[in-house]
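Okay, so here's the structure we're looking at.
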Amino acid sequence: MVKKGLLERLQEGPVIGDGGYVFTLEKRGYVMAGPYTTEVVIEHPEAVKQLHREFMRAGADVLQAFTFWSTDDRLSLSGPDAPGNETGKSITCKEMNDQACTIVKEVVGDGDTLVCGGLSNTPSYAQGKGRAAVQKEFSKQVDSFMEQDVDFLLAEFIGNVEEAEWAIEVLKGKGKPVACTLRIGPTGDDSGVPVGECAVRMAKAGADVVGLNCRFDANTCLKTIKMMKDALEKAGLSPYLMVQPNGYHSPETEQTKNGWTILPEFPFALGPRQMTRFEVHHFARAAFDLGVRYIGGCCGFEPHHIRAISEELSPERGGKLGDASKKHLPWGGALKTDQSEKDFINGKDTREYWESVKPALGRPGFPDVQEKLFRQ
């Protein structure tokens, strides 16, 4: 079948991205926290393949090859200050990226899901090695993506707009749509470049899609993407907007550069901060109403969160839903089917109920929550 491309789909309506791979696969025992490199694609390809399947079933229109931090300079970043970064001793960037693309293409098969080739920030930029060295690292990944004929290219999780511009320059001219997302909040990029200027510079560099991913939560990303949109409109530029926040609430980090990474719970005790599926419904609606057309998630976004985005925006997508929605009715609707357990349901089969619920930690030290439970 002939698939519609990314830009054609964005022109017609919202495109649903996939969710987070790094944190999910770390929790499942396949990725090492710290290095966060993706040798799992070679060591345990079935684990990556399964997660791809879950996101696709949830309703994602795009599956991103698991190539995060898969440049040679990152894979070889070993030493006392970078324990665990040993992958480069046995696996090259090309081997990693080729295998990641092969896995995701096997999952997609002849279906209608797009394959994205993504690259991220480089140690070479942080070490001040300059434009040529950084673009050399990017080019190795892009060459693999072109050989594998992915559907579009993405530069993501970049902290400095200058590095983003260098990445876009490498991606342009390959005959593929180009997207670029920064990991920034309202205070601007890691060098202090204002949000609006970042968006304008990415668009002028040639990105077809610009936006945000990962370092900040959904609410902060919505505020930041609004700043991007306003600046782009003022400059007379109209790239599509994209947002893929992390899946954890961290409002207290909004005015920082490092976002959720400064939380005491980062990265191993974030569970209590995770968004509910219902909060993701509201995020998806707010993003769409703001004018964002590529909506997905990053670290902390599990398949059920992507299903929530798909279900929330189904009317704008001609009723399209993922296969996982065959086993789910939004807002507790399926609870109506079991009338023999009315005490268990207790009114939990309506949107009104779930929109009124305020999730609690449920741990000692929160007596008000415990008292409410005991009174019931």
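A Cβ is built for glycine as well, from the same backbone N, Cα and C atoms used for every other residue.
Curation plays no part in TrEMBL annotations; they are all automatic predictions.
Model, not experiment: these values are computed from the prediction.
Per TrEMBL, these features apply:
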- CYS214, CYS298, CYS299: Zn(2+) binding site (BINDING)
- 3-313: domain 'Hcy-binding' (DOMAIN)
Practice prompt. Starting from the Cβ centroid of CYS214, CYS298, CYS299, the recorded Zn(2+) site, name every other residue in that chain with its Cβ within 8 Å, sequence order please.
Written response: GLY20, VAL22, PHE23, PHE157, ASN213, ARG215, GLN244, PRO245, ASN246, GLY247, GLY297, GLY300, PHE301
Worksheet entry | Reported mean pLDDT - the domain 'Hcy-binding' (3-313) | 96
Fill in: Which of CYS214, CYS298, CYS299, the listed binding-site residues, has fewest other Cβ atoms within 10 Å
CYS299
